[in-house]
Amino acid sequence: MSYSNGNINCDIMPTISEDGVDNGGPIDEPSDRDNIEQLMMNMLEDRDKLQEQLENYKVQLENAGLRTKEVEKERDMMKRQFEVHTQNLPQELQTMTRELCLLKEQLLEKDEEIVELKAERNNTRLLLEHLECLVSRHERSLRMTVMKRQAQNHAGVSSEVEVLKALKSLFEHHKALDEKVRERLRVAMERVATLEEELSTKGDENSSLKARIATYAAEAEEAMASNAPINGSISSESANRLIEMQEALERMKTELANSLKQSTEITTRNAELEDQLTEDAREKHAAQESIVRLKNQICELDAQRTDQETRITTFESRFLTAQRESTCIRDLNDKLEHQLANKDAAVRLNEEKVHSLQERLELAEKQLAQSLKKAESLPSVEAELQQRMEALTAAEQKSVSAEERIQRLDRNIQELSAELERAVQRERMNEEHSQRLSSTVDKLLSESNDRLQLHLKERMQALDDKNRLTQQLDGTKKIYDQAERIKDRLQRDNESLRQEIEALRQQLYNARTAQFQSRMHAIPFTHAQNIVQQQPQASIAQQSAYQMYKQQPAQQYQTVGMRRPNKGRISALQDDPNKVQTLNEQEWDRLQQAHVLANVQQAFSSSPSLADVGQSTLPRPNTAVQHQQDDMMNSGMGMPSGMQGGMQGGMGGGQDAQMLASMLQDRLDAINTEIRLIQQEKHHAERVAEQLERSSREFYDDQGISTRSSPRASPQLDNMRQHKYNTLPANVSGDRRYDIYGNPQFVDDRMVRDLDYEPRRGYNQFDEMQYERDRMSPASSVASSTDGVLGGKKKRSNSSSGLKTLGRFFNKKKNSSSDLFKRNGDYSDGEQSGTEGNQKADYDRRKKKKHELLEEAMKARTPFALWNGPTVVAWLELWVGMPAWYVAACRANVKSGAIMSALSDQEIQKEIGISNPLHRLKLRLAIQEMVSLTSPSAPRTARLTLAFGDMNHEYIGNDWLPCLGLAQYRSAFMECLLDARMLEHLSKRDLRTHLRMVDTFHRTSLQYGIMCLKKVNYDKKVLADRRKACDNINTDLLVWSNERVQRWVEEIGLGVFSRNLVDSGIHGALIALDETFDASAFAYALQIGSQDVPNRQLLEKKFIGLVNDHRQQSDPHPRSGSSRKNDSIAKSYEFHLYT
């Protein structure tokens, strides 16, 4: 409308400016008229145009009215459709939300059911697996026992075998069912997850549709509310909006249809899931029923097994009773046979008597006939005959009674033989039955034992191979490094000796030229007087020096094999330059230099002319060397006075130059021999290195040269050399050796000599004098204070009474060196050439030195952490009693007590190679004991006898176990090196596995034996004295041995049964301390039959008297039996007492 008004204004408004009349000049009248006409014409034309436009607008209005009517009709129609569609929409949304809530609740319930089904399925699976394991484990044994037990009843065997087969098939069926159910559950869970995702998406779409419908409804309401006049633009906008609303309604229709379809699909899927869940529940119910049936079958099998076990126990008891009855019957049979033999002898005697009486009767009849013939009329003869006839009738009656007795005895013997045959038949049947039972049990046990032994052998073989390879590698490395050090040291010695030879040759040349010049010139008179005055002293000194010089090569080279003298600590310092020289070692170096200079100066100053010439020809030593020489000459080293006088007076004394030349020539010969020996040693070292490279995987042994941790090694300790795992004694040849595991090794003698090669130590007088002169270095340890000083005094430290006792122990050990030599022959040093007597003397000296090391360390109360390597090795060998291979491994790996005390159980196994846990326990307990003994802050222990080593593993195995009646375990105890300090630390597992003590009663016997040792404070002497005191008196039952109990049984008149106590584990401590061990248990151990009532009553009477006397003495306040039993059980480790 605004557009049409604008056009009207444009058409009506003239283009003539109205202000022109006022502003212009005067207008003429004709122009005014023309203008008016023109104006009228224009107005008419404008009116025509306006009418046309009005008609056009009327037409347009009519058209618009028609359009609006049509639009209103369409709007009404759309509104009715919208109302139709939206009329049921809120109810459907509510129903859909309720259905969604129900579906969610159902899904949660199904999830819970699924979780429960999973748990139950897992439980059933575990139960089935357990049942399968049980059946597979016991199938063979059950089948064998069933076949043996019911060999005649084939129906029972087949039924049980079928039960086993059915169980197996049931297991397989349930496995397959589990797999199927698991697969179905996985598929159903996947479908539920997808459906939940679809539901969430559809819910989002429904919410968006609801929002759109709400917006469209609001717009429609706004459109209906606004009934304002509608022009062309409004009608177009409403038309567009209606079109959009129609499209949106179409989309909503399609989306609602799709959502309905999806909801129907979801309901169908839920129905399917419910069906699957019901099927799973039915399968679960069936599985539970099968499990119940299996449980019932298992209970039946357990009942059958318990029934079989009870039957086996009853059979065993019957067998034992039958065995005891058979022994009793045998004893009765022996008695009856003995009585029968006596009766036979009596019958023979009676027969002989009857025969003699018949002979006498015949003689009497003959005499009677003769007498009747001679004197029939004599009454006295008749009376006499009458008496003789009466005697004969009495003899006949006696013979008849003897025959009757013989017949009765025959009948009794026949009855007893019949009873004996019946008893033998019963015994044979019992033996056959027990043999069948024992064969089945033995087969089962042997099969399991074979499997365990095979597995154990494989593990032990792998472990042994690993340990052997590591030890071979370590030993080879050490020997190779040692050979390299020997080679370097020999090269250095060779070079130094070559330089010394060159210097001596130069000095000899200078001496000879000086001698030649002295002969060319005259000798001054004043000098000759000095020669006359000093000649005797110089000659004596020269002779003594010459003798000493001559003795030195003899001392040095009298050893076998022409080996050069060992330099002891100096060679060790040359091998290892990192070691610190002490003050005494530095003085010893200076002393050697001064000794060489003194020898050369003494040789050069022997002639009178050489004193003057030597000052010009010989190079003077520096002042430091001169002071060292003066110190050596004046320090009182112990040189002979003649030698000192010769060295002091030789500067001005005269002597034949030939003596000087011979001395120098001897010195050169000795140096040449030194050079040859050094070359020989170098050759040995090279050959050893080559052989070690070739045989590094076949031969391993300890290095031949061992360094010392003390600053000065004594001669005995320097000569002590031991191969790491050599177990041969010193008097056995080196052709055959044994490795650590006892396997023989055949080694070439040449290789043994090369590996054992060590330059021996040659003692000259300067060595001994220096040892007397030197004081102990501050760096030396207390344990090595006895090394070096051969005759020096030792300081006695004030120690406690316990350590004084330890000193007496080691003094006592020194007196019994021969016994130690016999017992510890495996610990001897490496094989050396020489006689057997010299080897034993060297061994005794080495043992004495080890005892001195330990005694000195204990007297000085040196803490165990400060002990050095040799003292720790001596302690392991003499105190702990470890085998030679463990001692050698400790010598190679442990250099101090601190290292030893810091070793853990794993490090002991890895570094020292102790694989047996009881051996490691022995070492750890010994270390703890020594640390507590030597610690200054630790209190004194009351059980010092443990430390003395009196109850070592040899005493435990050879003496103590037989006294307990457990001699059958001696080999296991000796293999485990079990000593007294280990007894309280044994567990039940150690007794069963390592000591092979499976019998519960034997373990109980061992426990009460340990309690007896506790009561005597582990004192072997006290125990022996108490046993000796009660040897012939029935007192002190606590210390009775198994043999003493047997003698007591013989004393009470039951000697027939005493042999049954051998290896039974019955001793005095068990009888005295175990209150559950009564007379019936003792009779059972003695194998006295239950029908032998008199012997049982006798044993019970004597046993009660013996035990009551002891228990009244030991326990004045008796308690109840249960409390005493609990106290006895609650000891250091658990035992099941004998019942």
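Cβ atoms here come from the backbone N, Cα and C positions, even for glycine.
Within the set 655-701, 890-936, 984-1030, the record from Swiss-Prot flags 655-701 under the feature coiled coil. Across the residues of the domain 'SAM 1' (867-933), the predicted structure has a mean pLDDT of 86.
DSSP labels the residues of the domain 'SAM 1' (867-933) in these numbers: 53 helix, 2 strand, 12 coil.
Counting residue by residue with DSSP, the domain 'SAM 3' (1040-1109) contains 48 helix, 0 strand, 22 coil.
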